[in-house]
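Participant: Feature annotation from TrEMBL assigns domain 'Rubrerythrin diiron-binding' to 83-212. Residues or ranges marked as transmembrane segment by TrEMBL: 326-343.
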Amino acid sequence: MSNTDNMQSNTNVLVNETQIYPGFYTTNIKKLANVDYLRFQGAFDTVITDLKNDYNKDKFVRDNSFNQSWDHIQGEARELIIKLLEMYCAAEYSGFILYKELSYQLRETNSTLSDGFRLMSRDEARHASFLNKALTDFHLTPSLEFLKKEGRKYHSLPFAWFIHSTYLSEKISSCYYINIFDHLVSHPEYSIYPLFGLYKSWSEDEDRHGDFVGTIIKSQTNLSNGLKARLVCKFYLVLIFSMTYLKYKDNEKLFALIGLDSREYYITTIKSVNKSVEKHLPVILDIENSMFFKKLDACMLHISENKKIGISNHYKLLKFIKKTPHYVALFLIMLSLFLIKSIDTQANRIA
Ligand SMILES: [Fe+2]
Ligand SMILES: [Fe+2]
């Protein structure tokens, strides 16, 4: 976090401007424009009607529970909450910008998809704005310079990677929020800030976003049917679940603050995501009783060994020689992960 400016809020408390770093993404718009929504009109109508109904329109209000000073939260706990708010504020703004731009770019070529993305950008703007206000509780306000288009660096993602990562990130967010919400309902003593009380509505919004993107996947024969589609899907599930799980160590303190074991929480969340994507994807992973997470623990050990070698005082060549066995081990573990069983959701058989 870098504070770049100071200003006075209307309550005369010094507010610091803080930088957040949304990512900017794009993909092959032609492929989105060519999505044949007519063949899947019923499915698209259902998800778009759900988005239009906006069941959580009145939920994102700052009720009286926010109406107090949060200065009693100090030290590491304060830093962790601010880190959480900044991280999610950046993610929500990323989603808002991405969906808004897709909606605009598709307005003349695919009005159904354009509508869906517009409604999703509405939700992401609402989420970002709520986090923006939450940051003011900690005397911070994000710099919104990134809303100006000049200077943005866009990452153009291949269509299959874009659509799977967008879909899974929405479904992961949904499970992430609801698991924390459920935990805090049964352990209210850890509910140290009222934002968590909104996580149920938050989860529902992200779930609907996932349903919309999932419908796009289902409408693409090359992504939803056949051996190639199953292999591609399995590849993305393994990759994205692995990348998600590897973050648990970075968030151990944050989860401890709300009474959760980070590793257990990530495993529970990934397992619930795996179940929830069954309705849209051609395969899911057989991770209930497999060695999936133990293999990822082994990956983390090799990554950490390589980090230690990286910051050691050895010569470059010696560092490379010392790192090589860990790279080989990582490659073999990842390969074994891609070979784990998957469950064919259409035929409901182990493949
Ligand atoms: Fe969101
Ligand atoms: Fe979302």
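Glycine is treated like the rest: Cβ placed from N, Cα and C.
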Participant: In the same chain, who gets a Cβ under 8 Å from the transmembrane segment (326-343) while lying at least 6 residues past its ends?
Facilitator: 230, 234-235, 237-238, 242, 283-287, 290-292, 295-296, 298-299, 302-303, 305-306, 309, 349-351
Participant: Quick check on the domain 'Rubrerythrin diiron-binding' (83-212): DSSP residue counts for helix, strand, coil, in that order please.
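Facilitator: Per-class counts: 102 helix, 6 strand, 22 coil.
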